[in-house]
């Protein structure tokens, strides 16, 4: 009985870590809120959000 409980807790912990990692990568892949201003501050002419990535045009 106790071993089943510990296996269940271990599986729940592993799943929570996997979900957390996936959510963090999704946030990092999202565009900067104002992509155009972000790119212009870096010295680019313009910037656009394409496929959840900020692309700067120099």
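Counting begins at 1 with the first residue displayed.
Even glycines carry a Cβ here, placed using N, Cα and C.
Feature list (source: Swiss-Prot):
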type	residues	note
DISULFID	31-49	disulfide bond
DISULFID	35-54	disulfide bond
DISULFID	39-56	disulfide bond
SIGNAL	1-29	signal peptide
SITE	48	site 'Basic residue of the functional dyad'
SITE	57	site 'Aromatic residue of the functional dyad'
* Ranking the recorded positions 35, 48, 49, 54, 57 by other Cβ atoms within 10 Å, which is at the bottom? -> 57
* Local backbone state of residue 56 (disulfide bond), from DSSP in three classes -> strand
* If one looks at the chain holding residue 39 (disulfide bond), which residues at least 6 apart in sequence have a CB under 8 angstroms from its CB? -> 45, 46, 47, 54, 55, 56, 57
* Asked: Going by DSSP, is residue 48 (site 'Basic residue of the functional dyad') part of a helix, a strand, or coil?
  -> strand
* Asked: Name the residues of the same chain, 6+ apart in sequence, whose Cβ is under 8 Å from the Cβ of residue 31 (disulfide bond)?
  -> 49, 52, 53, 54
* Asked: Rounded to an integer, what is the Cα-Cα distance in Å between residue 48 (site 'Basic residue of the functional dyad') and residue 35 (disulfide bond)?
  -> 6
